[in-house]
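A short write-up of the structure that comes next.
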Amino acid sequence: MNLILFGPPAAGKGTQAKRLVEQRRMVQLSTGDMLRAAIASGSELGQRVSGIMERGELVSDAIVIELIEQRLPEAEAAGGAIFDGFPRTLAQAEALDAMLAGRGRRIDLVVRLKVDDAALMQRIAGRFAESGRADDNPESFKVRLDAYNRQTAPLLPYYEGQGKLVEVDGMGSIDQVAAAIDAALTGAAA
């Protein structure tokens, strides 16, 4: 099964993806984690994307598509992938569909975590205080949320038109959200 966790920054995508990795033995393909690892390694790629991410801007389609393509064989071996933070643009969604189709696979389900902006701001403040992640400062977060609303949220009709979109209330506890995602996955597998 290939699943996209969709939602604004701080909606809980990473939290839910980690739980699914443990319970369903899927591979989490988080472009944010991959990009942060590149920055931490000091690689040429990391140096190129560091400033972009600190400003809260989106990294180019070409870079994130390349990162995902490198990790797809690992996901296939595990029996499925959880795409977290990808795709973020229509070009990325179309590239992902083409990559998977070339391997005889497809996106099975897109779960949109719905969380209101006030709760997102509260979550990001807590996460920034805990992690100190450069892209979690309030200014960068506002840029990221705006980028999500302008560039990523418009993907919803793309997946809705394919009959793959399920909306989950992301305002509940971690366990409540997990139960709703599990119900959606069970329905998609039936």
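Note: Cβ is positioned from N, Cα and C throughout, glycine not excepted.
Record features (Swiss-Prot):
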BINDING   Ala10, Ala11, Gly12, Lys13, Gly14, Thr15, Arg127, Gly172  ATP binding site
BINDING   Thr31, Arg36, Glu57, Leu58, Val59, Gly85, Phe86, Pro87, Arg88, Gln92, Arg133, Arg144  AMP binding site
REGION    30-59  region 'NMP'
REGION    126-136  region 'LID'
Cα distance, Phe86 (AMP binding site) to Ala11 (ATP binding site), nearest Å?
-> 14
State the Cα to Cα distance, in Å, between Val59 (AMP binding site) and Gly12 (ATP binding site), rounded to an integer.
-> 21
Once DSSP output is merged into helix, strand and coil, Val59 (AMP binding site) belongs to coil
Near the region 'NMP' (30-59), which same-chain residues lie under 8 Å Cβ to Cβ, leaving out any that are not at least 6 residues past its ends?
-> 14, 17, 67-68, 71, 84-86, 88-89, 133-135, 139-144, 147, 151
Taking only the Cα atoms, work out how far Lys13 (ATP binding site) lies from Arg88 (AMP binding site), in Å, as a whole number.
-> 13
If you count other Cβ atoms within 10 Å of each one's Cβ, which of the binding-site residues Ala10, Ala11, Val59 has the most?
-> Ala10
